[in-house]
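Chemist: Sharing the features that Swiss-Prot gives for it:
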type	residues	note
TRANSIT	1-37	transit peptide
MOD_RES	LYS126	N6-acetyllysine
REPEAT	149-183	repeat 'PPR 1'
REPEAT	184-219	repeat 'PPR 2'
REPEAT	255-289	repeat 'PPR 3'
REPEAT	290-330	repeat 'PPR 4'
REPEAT	331-367	repeat 'PPR 5'
REPEAT	368-409	repeat 'PPR 6'
REPEAT	412-446	repeat 'PPR 7'
REPEAT	454-488	repeat 'PPR 8'
REPEAT	489-523	repeat 'PPR 9'
REPEAT	572-606	repeat 'PPR 10'
REGION	665-689	region 'Disordered'
COMPBIAS	673-689	compositional bias 'Acidic residues'
Amino acid sequence: MAVVSAVRWLGLRSRLGQPLTGRRAGLCEQARSCRFYSGSATLSKVEGTDVTGIEEVVIPKKKTWDKVAVLQALASTVNRDTTAVPYVFQDDPYLMPASSLESRSFLLAKKSGENVAKFIINSYPKYFQKDIAEPHIPCLMPEYFEPQIKDISEAALKERIELRKVKASVDMFDQLLQAGTTVSLETTNSLLDLLCYYGDQEPSTDYHFQQTGQSEALEEENDETSRRKAGHQFGVTWRAKNNAERIFSLMPEKNEHSYCTMIRGMVKHRAYEQALNLYTELLNNRLHADVYTFNALIEATVCAINEKFEEKWSKILELLRHMVAQKVKPNLQTFNTILKCLRRFHVFARSPALQVLREMKAIGIEPSLATYHHIIRLFDQPGDPLKRSSFIIYDIMNELMGKRFSPKDPDDDKFFQSAMSICSSLRDLELAYQVHGLLKTGDNWKFIGPDQHRNFYYSKFFDLICLMEQIDVTLKWYEDLIPSAYFPHSQTMIHLLQALDVANRLEVIPKIWKDSKEYGHTFRSDLREEILMLMARDKHPPELQVAFADCAADIKSAYESQPIRQTAQDWPATSLNCIAILFLRAGRTQEAWKMLGLFRKHNKIPRSELLNELMDSAKVSNSPSQAIEVVELASAFSLPICEGLTQRVMSDFAINQEQKEALSNLTALTSDSDTDSSSDSDSDTSEGK
């Protein structure tokens, strides 16, 4: 009965796709309430007219929604909060970083807290058995790292391999061989995978879940592992005659998987010569390598022998011919590996790199961001002052504009960093805007990389804006990027100050200093000197001079609050001069006169401009004693302006006889010191002759 019903239904379906004529059309008109078409199908005639036909039924394909599709839709309706720090930090004023150093410290603290929580959960799993998450979240539940199978069997070996217990897996394998048990080829290959991936060493983790009652042998092994960490800064190296080689030699039967695993492990741990020799053995046994093994062999060919470029390039081409002979289709990583290796040869590899790029497009492989990153770095020559080789970035951006990318290569997150670096070296702001627009397209922002890459990208981008853009646009970018996107370095703030100077917008300087303090640049001497120099260089309206004086007082407090051992060397004469001048111009004369004591205390020479303004201030207040103090300061450092200041005191102030004698003595001392210095210079000249 079911078969008959199915046949009738198929017959009805086949008739629905044919034009309705005659009796069947009339039948359809009698039953207009019946819908045998999907919602997307339409009638060819309006109801009430002669129906000449119906479009074929189109059943829409099922749409599979992501579990977080609703959250993604909601997230697309809002933009980044430009007034807040990055989202990774908690919404707590005590946990919000104010500088790049604090952000790194907070991220490390957050990761440390996660590791501690995982350690507690996995150390005491019996207290965390209640699963309150709906749906189930596996990473929140305890993980069991200790083997449950105690007997000597192949199942126990498989369990230890799955738990990534390197030493325990090797011990179990040896016990099986001693017991006369034959281990299957599949299990042995899995053990080789484990050994080759970790270089025959226990995998390093941020936390270790060891039982408190571990044996002495295991404790000694952990001590040995900790001692080796100092020598493994740049990764684990392949040791000769290690367990992987020993087990590989003991295998009675080896297949392609066995050879490929060993070759990839040797290349990963920088045993390039051994990998190439093992590939020769694979060919002698008439076996074939897979595409991932060929990718590793390409890297080994470039890194193994110190040969010329032509010889290494010919060997790479030979490996590619082997791939064709073995009917192995290259993938994206094959071409990216070639391009990455070609970067070692700089100018010589440019033409082959373009050939590789054309070849991968010809066989239908879409380049990834890492592909273009390697091309950019290959054509970018830091020693070329004209940057002629960097112009390839324009062709790359014309090809990439508007595209959305998905992760395909581990080096994909380096593209935007290298592209913005080229924009900065070319001083091309329009190109930088194109790169930034590509970053904001779709989910491309995820490829900006880790924290240090993001800081590098945005610092280069904003520095170029400060150099090339109008000041109003620059300030808008400043509000948009800082601190929500990244925390600026002190040099970035200096570039912004220079942009304000060019645009004659010095009234923004007090705000820049306030922001600099929040970002942890209070004790950056180069930044403080730049701010003081810009404020004290010219005279400004009274209200602006008052704001500048307040800023100068704040900087003076910063100098005084730093460690005592740094105070003397961090009080440059330029800063003392600028602070005193700013105090004078704002009418804060008492604070300005107090600055004179700092010149003597730190043995710093005042500038003539400051001494003249101090003399003007003394004249306004009609204070001969202050005027004489200025002369004394100039005389103490034997400045040439001392004589001119003395004449001004004699002509502009009413002084008594005692003050005249003091001035005469100061002038005499200055003359004697000038004579001594001139005689010393003459004697030095004669000796030189």
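Cβ coordinates are placed from backbone N, Cα and C, and glycine is handled just like the others.
I would like each feature placed in context: is it buried or exposed, what are its neighbours, and how far apart are things?
Modeler: In the three-state DSSP scheme, LYS126 (N6-acetyllysine) is classed as helix.
Distant neighbours of the repeat 'PPR 1' (149-183): 190-191, 194-195, 198, 200-203, 221, 243, 247, 250; these residues of the same chain sit at least 6 beyond its ends, with a Cβ under 8 Å from one of its Cβ atoms.
Model confidence over the repeat 'PPR 2' (184-219) stands at 71, taken as the mean pLDDT rounded to a whole number.
Away from its own ends, the repeat 'PPR 3' (255-289) comes close to residues 185, 188-189, 192-193, 195-197, 199, 235-238, 244-245, 248, 296-297, 299-301, 303-304, 322, 326, 328 of its chain (Cβ-Cβ under 8 Å, at least six residues beyond either end).
Per DSSP, the secondary structure of the repeat 'PPR 4' (290-330) breaks down as 31 helix, 0 strand, 10 coil.
Sequence-distant contacts of the repeat 'PPR 5' (331-367) (same chain, at least 6 residues past either end, Cβ-Cβ under 8 Å): 291-292, 294-295, 298-299, 301-303, 309, 312-313, 316, 323, 374-375, 377-379, 381, 389, 408-409, 411.
Through the fold, the repeat 'PPR 7' (412-446) approaches residues 368-370, 372-373, 376-377, 380, 387, 390-391, 393-394, 396-397, 400-405, 453, 456-457, 460-461, 463-465, 467-469 of its own chain, all at least 6 residues removed from its boundaries and within a Cβ separation under 8 Å.
With a threshold of 8 Å between CB atoms, the same-chain residues lying at least 6 positions outside the repeat 'PPR 8' (454-488) that come near it are 80-86, 97-100, 103, 416-417, 420-421, 423-424, 427, 429, 432, 436, 448, 495-496, 498-500, 502-503, 505, 508, 515, 519-520.
Sequence-distant contacts of the repeat 'PPR 10' (572-606), counting only residues of its own chain at least 6 positions beyond either end whose CB sits under 8 Å from a CB of the stretch, comprise 525, 528-529, 532-533, 535-536, 539-540, 542, 545-546, 548-549, 551-553, 555-556, 559, 613-614, 617, 621, 626, 629-630, 633-634, 636-637, 639.
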Chemist: Taking 10 A as the limit, how many CB atoms besides its own sit near the CB of LYS126 (N6-acetyllysine)?
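Modeler: For LYS126 (N6-acetyllysine), the 10 Å Cβ neighbour count is 6.
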